[in-house]
Amino acid sequence: MHLFSAMFLLVMLAVSPCEALYPSPEEGWQIYSSAQDADGKCICTVVAPAQNMCNRDPRSRQLRQLMEKVQNISQSMEVLDLRTYRDLQYVRNTESLMKEVDGKLKVASESPRSLNPKGFQELKDKVTQLLPLLPVLEQYKTDAKMILRLREEVRNLSLVLMAIQEEMGAYDYEELRQRVLLLETRLHSCMQKLGCGKLTGVSNPITVRASGSRFGSWMTDTMIPSSDNRVWSMDGYFKGRRVLEYRTMNDFMKGQNFVQHLLPHPWAGTGHVVYNGSLYYNKYQSNIIIKYHFRSRSVLVQRSLSGAGYNNTFPYSWGGSSDIDLMADENGLWAVYTTIPNAGNIVISRLEPQSLEVQQTWDTGFPKRSAGESFMICGTLYVTNSHLAGAKIYFAYYTNTSSYEYTDIPFHNQYSHISMMDYNPRERVLYTWNNGHQVLYNVTLFQGWRIKKPGCVYKVSSLQK
């Protein structure tokens, strides 16, 4: 099974130099390097996807099909049981009537002259009362055929189960599945403990879906356990109130299994973020930030972001009321915006998630109208120089040192109009809304402080694909 190959990879992939594997969206187990050991060897880590490979094992598919057949047989047996019980009660209730008719027929047969017109009519009436038994008997014939068919299906199921049991040998399939789930949990936990790094590269885009209008945002929760795979989608940037919540990424890709949240206040822009079960967004025509809790479907808190421009006063280069951009990374919840005293330059504020109070603020000195989009990774704000084709990550501001540098990190803007770009620290990928397409990018982070030999990086692949 893939379980054992993954476990061997986890132990054995300690080679140098490290080479990350970028899987296609259809692949499962993924590998990236995280650090070096005392001997200078890169320690590579196996990351399990949200949907493990065992789900695609042919035996798993066979077992699911068998379970469905067993369920169908059980339902059929229940129907037969109820119908048989009902018909048996009817037969019992008519038993005395049948005995009476049988007695009269015997008398009439032994002494035909004793059957006068009145007696004949009574016998005829009794026989009429027995006529409803005919369809009951016909149903018995049909049920008997069904029982034969069910018996054949059970026999076939037994043969298939025996074949699967022989193929699997001594391994208990359910036990293996539980071990895979445990391994996934440990791998996700290990991933969360990895140190932060500096962004050095962005992968080719992975288009997840094409839906909605030219502008919008989509996201997964940045804080809750990775077992929760819900996806949220918010189409448009102007006075929207409808948030679609999909059960899984696969449901989002297919546009199925979703519920709708109708926000009490409309939003502005596309700079929304889901953080620890709540949606944080900018209220339309204001600089108020709203925290909306999905489970209770209520607003928990709202607070004005003092001095922040709104209503296209200081948007990104693409406009769209993108004055206030909310985001999350490994260090918490952030707001990126601009004020008049800051002369239109980007301001970063770290927010307290419960109260939305500003904890600390930085002036980056970079003009917001010259930025296409921005996102936070490990306390560093990365800014693109355009929302159109040819865009690149052009500027980085480090909040830990209050310093900045100009960068040159290219990425492929496949659909030529990005209106939302956010980093998800739980999955370590970039979510983008690109001209009506929902797109993911993997990122490459460099951990210079942990490297003993140059050139070792770790590359994180999407856990949702």
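Cβ coordinates are placed from backbone N, Cα and C, and glycine is handled just like the others.
Model, not experiment: these values are computed from the prediction.
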(message) For CYS378, what is the disulfide-bonded cysteine listed in TrEMBL, choosing from CYS190, CYS196?
(response) CYS196
(request) Could you please provide the mean pLDDT value for the domain 'Olfactomedin-like' (195-447)? (result) 94
(message) Using Cβ atoms only, which residues of the same chain lie under 8 Å from CYS378 (disulfide bond) while being at least 6 residues apart in sequence?
(response) CYS196, GLY197, LYS198, ASP329, GLU330, ASN331, LEU445
